[in-house]
């Protein structure tokens, strides 16, 4: 998966020649080493290493790593000449991802200048590449430390202790019976296999294996079966927004120029900078004649009704005179004022790709017939406005932006500036991004619709009813995210949303946090805030069509909900500041935070880790784009992407909506309950056989080989195998299944069953000895001493015990369907019960001889044994179905529980008891945790 066999053209710096003058050689991809200079063929290739691009451009499909189905454009590493006193540009992996070709990604197409090859320098090979790390994460996943498995090891240690006791007892008894040394060793070692059953690990995985198969039938694939049991304890689910909660596709709602009213059809925009920005500021490309790129860019460009043309017959070559060109569809469009009729075409000369950390992209263009070059930039509105000349940004920019984002629209801003005429074409490839993305003129906003998926709201409601908390973690705008959270009922209509805005230290002021209420729709709201003068945007924007009106004044906000029904909304920038300067607040942010917006991929993973540190069992559901880190970190990562990136996630759903989340949790709960039942059954099976063997060793007897075979293979193996066939219950319930074998309820169940089982075996053994026809065994050192009354009674009674315990530990509702729906299991129980009854009541001679049973016991005695095991069956089911599950027993156990074990429960209690926190309307400073009043505006 990491080492690729394809040959690569490489230069290795022979005899002092330059890269251009040297001859390249073809070598296998697995022989590459860091420092090699490789060429990327024009027709594309599968990368065999991580390499940094130094010349030319590449269009790459990175879906294997990121889950993003849209090809991305890779540009050469910028290498400006070092200034005096400064070092040359140093490659940094995180900062230069846009210039890095990752191992395992598919280069679809390359572009180059003149006859120069597209070259890259190898930086990583093998398991240290991006794909190699992915493979390592699959081969050696992060240990989850699930309590069930930890308790299982403790329980095995207890069984091992009993094995030592049994070993010592068997040695003592065999010596007292003067058995041969060989017999002593065999009997003693038998005791170890009896008390620590070899089939225990297999029985514990049965639930996960069958749950994995059931999930597969529902279009959900799991590559890490141990995560299924862990997912059964899920308490919180994080959701990405775009493509997960909302539809992938975006539709253009309208364009809002800075100097005019809303334009619904972008093609109706007058020819100018805004239309040119929409037509040129993108990363679209033609692959085999079909336009490919980001869905937002595609919708934007299609709305302009322009054409895109790429130069050269092979569509791979950059040329000074023939860059990528965009132009209107109409052929008779010419540049006004030109000396001759020059077609209106815009050439894209340089592209600065979109960066999630910078929240923007830009291009440098030249209009055919013009001498000057232009810079067009698009990105997050707040970021774009900060790069513009202040006077060009409309005074009501924030109000207008808020009105759109509150309704759940996605808003993109545009800006423009003209480059100085002294900058020539050959300067463009070395010019720095920050040199051109400054002092821009604000052009306007593009408003995109991104509707909720129809399955989103019902699924969120289903999780809410199951008392599973939901959190949104997105890279989108804060107010848009809050609006979507309200629309899908992640935040209820009457709940309060508090915006937590943290700022780093600046200008001598310490880091500080402001706490403000987020506005939300009200029935009697108005569009304008009190005393606000309508600007150009407000007077021209027809907000009545798809938009609802909002109350923009803080004075009209009323909190009518009971204390504690508030949610924090935190941006990625604020999250980083709080982590660095207010780390003591992170737990509270996690407990009350519902909307986390503008989060980078690393911050998503950090948030999941912070939630896990509080004791939450966290599930993460994303479409694969920028979610891989969080998907790998979460206890249950559920990817909605079918790309190869899904191998980084334990679960992958073929159905691209969040309905898979309750399905995974239901199946995981069923698997966890099955694992508990299987473990308890195997433990009781060992204890039953341990007591049987200890009892028989006391008279120098033992169970026969066929008897062992019937118990171990026919009964135990079959019921343990079919126990997992019980399907998940169709509804999620608020109460989660137990996650610890050492929980008081589980210990009570096991101990009570052990006591009852010992009572039955000892009682029947004593009852046998009181019978007038009973003849005790006279041990024969030369014989196995199997055919006797004692062995027959012990075998006949315990055969029922194994079957009854299997049925008792196969619990149904509320996590699994009723026992009778598991037809194969019920059929096996019926067959085993029938055969065991035959052996007890009327074993015909050939069968009795084969199994080594005494046939001369009175029939009435056999009926008494049947009555005893019947009474045992009733008592077992009463204990498991009524006593163990009773609320009275649970309340008794809770009396000894002073405080919750999970930190998040302690924090929830603390926050509920503190009505003065959070300090809304105040500012929290990092120095001395000082508070200062501030007023809303």
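Here the Cβ of each residue, glycine as well, is placed from N, Cα and C on the backbone.
Curation does not apply to TrEMBL; its annotations are automatic.
Within the set 646-665, 706-725, the record from TrEMBL flags 706-725 under the feature transmembrane segment. Transmembrane segment is the annotation TrEMBL gives to one range among 861-889, 890-918, and that range is 861-889.
Listed as Cβ neighbours of the transmembrane segment (786-808) (distance under 8 Å, sequence separation of 6 or more from its ends, same chain) are residues 681, 684-685, 688-689, 692, 695-696, 699, 701-704, 707, 710-711, 715-716, 719-720, 723, 753, 757, 760-761, 764-765, 768, 774-777, 819, 829, 832-833, 836, 839-840, 851-854, 857, 862, 865, 868-869, 872-873, 876-877, 879-881. Counted over residue pairs separated by six or more positions, the transmembrane segment (184-211) shares at least 3 Cβ pairs under 8 angstroms with the transmembrane segment (706-725), which defines the two as touching. Using a cut-off of 8 Å between Cβ atoms, the transmembrane segment (706-725) and the transmembrane segment (861-889) share fewer than three residue pairs, counting only pairs 6 or more apart in sequence. Comparing 152-172, 682-700, 820-841, 861-889 for CB pairs under 8 angstroms to the transmembrane segment (745-766), the maximum falls on 861-889. The list of residues near the transmembrane segment (152-172) in space but at least 6 beyond its ends in sequence, with Cβ under 8 angstroms from a Cβ of it, reads 184, 187-192, 194-196, 200, 204, 679, 683, 686, 690, 693-694, 697, 741-742.
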